[in-house]
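Visitor: Quick one: this structure, given as structure tokens, is what I'll be asking you about.
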Amino acid sequence: MKSENTVWHAQSVSRQMREQQKGQRGKVLWYTGLSGSGKSTIANAVDIRLHELGKHSYLLDGDNVRHGLNGDLGFDDAARIENIRRVAEVAKLFVDAGLIVSTAFISPFCSDREYARDLIGAADFIEVFIDTPFEICEQRDPKGLYQKARSGEISNFTGISSPYEAPTTPDIHIQTNELSVEQATAEIVAQLRFEKI
Ligand code: ADP
């Protein structure tokens with residue numbers, strides 16, 4: 001139910017003040033790709049690197065968020081849209097806090113990624129396409145999910161019984177059949193501009 005009688009309170013500590021304190025600009029690295037493509041692995045490696053560089057960062061990982069905040073959501077289209085809407089809202093709060101936030105969710109629908117880009121603001125939104133061929137993801141099957149989807153144990157599985165709409169113009173395009181995790185990490189960090197503020 002939509003809440004009524006709520007007003008937006010202006011906050012005295014602004015985003016700019018938080019960013020100045022941290023010496024960085026808040027932004028979102030929005031990872032997208034098939035299950036098993038390498039989103040969590042690469043986003044985690046990038047997050048480690050950012051931490052080593054003294055950056056203030058946070059990682060929102062699909063599976064972890066589905067345990068808590070989005071634990072009530074399933075995988076039909078409506079639930080996937082709500083999953084991404086909540087993640088985009090949380091990412092926006094973290095950007096407001098001046099953090100570099102990575103989100104690792106399949107986020108299969110173009111319209112949802114566009115929604116996130118619009119909500120967060122294009123200037124602070126970096127779409128990272130972890131582009132791994134379907135056959136390789138299925139071969140890797142790190143969580144045994146493809147096998148379960150093939151046997152019908154899981155329905156609405158992206159790439160098998162639910163669509164994946166690949167980005168056409170991602171900001172960063174990583175092909176994991178050509179790059180190691182280390183190379184992918186270096187490539188992403190190199191493309192992040194750490195503007196002075
Ligand atoms: P996702 O988060 O996209 O579902 P995961 O990161 O959980 O994917 O799983 C990807 C799997 O692929 C991991 O087991 C990882 O070790 C493996 N892998 C092999 N080569 C690569 C690579 N070049 N980049 C990313 N992951 C890779």
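Each Cβ is built from the backbone N, Cα and C atoms, and glycine gets one as well.
Okay, so TrEMBL annotates it like this:
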ACT_SITE  Ser107  active site, phosphoserine intermediate
BINDING   Gly33, Leu34, Ser35, Gly36, Ser37, Gly38, Lys39, Ser40  ATP binding site
DOMAIN    25-175  domain 'APS kinase'
Visitor: Does any of Ser35, Gly36, Ser37, Ser40, Ser107 have a Cβ within less than 6 Å of an atom of ligand 1? These are the recorded positions; tell me which, or none.
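Guide: Within range of ligand 1: Ser35, Gly36, Ser37, Ser40.
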Visitor: Of all the recorded positions given, Ser35, Ser37, Ser40, Ser107, which has the fewest Cβ neighbours within 10 Å once its own Cβ is left out?
Guide: Ser40
Visitor: Restricting to the domain 'APS kinase' (25-175), what is the model's mean pLDDT?
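Guide: Across the domain 'APS kinase' (25-175), the average pLDDT comes out at 96.
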Visitor: Tell me the coarse DSSP state (helix, strand, coil) of Ser40 (ATP binding site).
Guide: helix
Visitor: If I restrict to non-local contacts, at least six residues apart, and a C-beta distance under 8 angstroms, what lies near Gly33 (ATP binding site) in its own chain?
Guide: Lys39, Ile106, Phe129, Ile130, Asp131, Thr132
Visitor: Would you identify the secondary structure of the residue listed as 'active site, phosphoserine intermediate' according to DSSP, in three states?
Guide: coil
